[in-house]
Structure formats: C-alpha cells, structure tokens
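A short write-up of the structure that comes next.
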C-alpha cells in the first residue's frame, strides 16, 4: 500500500509540473507554432522573427491571442506531465536495481525517459493537434475551418478526417518525445547531481535559508538547461509535426523525415529550425517552473529522492 501511495504522489507532483509549465510557456509556444506554420510555406515568410510575430498577435488579437488553445494545453499537459514524471520515476526505481543510489546512470535514465516519452505521445498528439490548429488561426490565416474552441476543433477534425485525422503527426510526436525526453532527463539528472555535489560541500553555509535558495536555484538551472537541450535536439521533428497537423492538404505525407526534406528544399536549414528563438526563450522559464513545481510538490507530499 505504501508503494502505491508513493506512486500516486509522483503522478500528482507531475500534474503540478504540467500546470506550471503551461502558465509560463504557452505564449512562447503560440509564437513558435505560428512561425512554424507560416514561415515554411512556398509563399515565403509571413513573420520577420519572433518579436514581429508577437507584436502582430498582440495588435490584432490582444493578450488572449497568445493563449489560444491554452485550455486544451492545461488539460493535456497536466495529464501528460502526470503520466510522464510518474512513469519516469517508477521506471527509474525499477531499473535502478543494484546501481549506486543518488548517482545518475545513463543505462537507467535513457530507457526510463524514452519509454515514458513514447507513452505520453499518445496523449500529446490529439491535444497538440487541437492546440496548433487553434494557434495558427488569426487574421493571417489563409485557409481551413475556423474553430471556436479546442473542443470545437476536435469535433470538426473527427467529422472531416475521422479518428486517423485526430492523430495526425503521431509518428513525429513519438520520435520527438522519445528522443527529446531522453536528452532532457540525462541533462537534468547530471546537471542536478553536479550542482548538488558542488553546493553541498563544506565551503557553503548549511543554514535553512541557504538550503531553500540552493534547492530552488538548482531546480531553475537544471530544469531550464534541460528544456533548452530538449528543443535543440528535437526542433526539426517539431517543425514536421506542426506542418503535418496544420496543413490543409489531406495528401500531405505524414512521414516527418519526408516533410523535413520538403522544408529543407523550400527554406533551407533555417526552415527546419523555424521558431528556434521563441522556443529556446520559452524553454528555460517553462521547464524551470515545471522542475521546481515537480520537486517541491514531491517534497510537500513526502516523496524522498536522491
């Protein structure tokens, strides 16, 4: 019973991390999606850069424009983060075995993170599809149905494209999550371990105020750096996913590597990394908030970690 209780706590802490991530990161994500959808077409760039895109959204749609699709993100990412962090923690405990506790091991981290990332891709695909289709709407939209809400988007997608349509971009999401989350957790576990080793040495104060500041600081830095590592490694796959999910052409290939090849021919390497600026700007604060929320929720719930 105790083990089941600890597992449930891990999932609750993961949900808290997801909510924090959406609050901080959704406006940046909206800008990223608009750049990916509109700056990779054969007609050329719609936006000069992330700042131009943000200003256009604010002028034409107001602050609400930056939070389009946020309701589906809150639901999707809360559930996704709960499963992701919870599954990762449980898989890590199972694989830890005789390995030294506290010290990170690649042979434990990589399969735990990749498996949990692959699992959540099943949830992320439909929620991100509705989010992306909501986000690309605006005065600059050239085609497609207009959606009044994420639910309206999901219903219309099911009516017009069937169940297969709601899972458009699933293969790209699977690759992005499996690869990206292995990179994320390797970066997080090792950076956290090294920072704790350094700051836990006798040269630093052991006062309660310092311990609190140290834990928050390590959470912010390890989470922020890990988020940037995730997106640097996987942004081309995310570009392919966005195009697959938002392009109105029903005959467009759903193979992310074919789509990336098409983007490269149209817009070069810059097109494959469309939205990199706002993505990295978002990645640090959003993932820092998620990791701090995850670690402190775990501490409040009494979960012990190395």
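Each residue, glycine too, has its Cβ placed from N, Cα and C.
If you check TrEMBL, you get these features:
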REPEAT    5-94  repeat 'Solcar'
REPEAT    104-194  repeat 'Solcar'
REPEAT    214-300  repeat 'Solcar'
Within the repeat 'Solcar' (214-300), residues counted as helix, strand or coil by DSSP: 75 helix, 0 strand, 12 coil
Counts of helix, strand and coil residues, the repeat 'Solcar' (5-94), according to DSSP: 75 helix, 0 strand, 15 coil
Mean predicted confidence [pLDDT] for the repeat 'Solcar' (5-94): 80
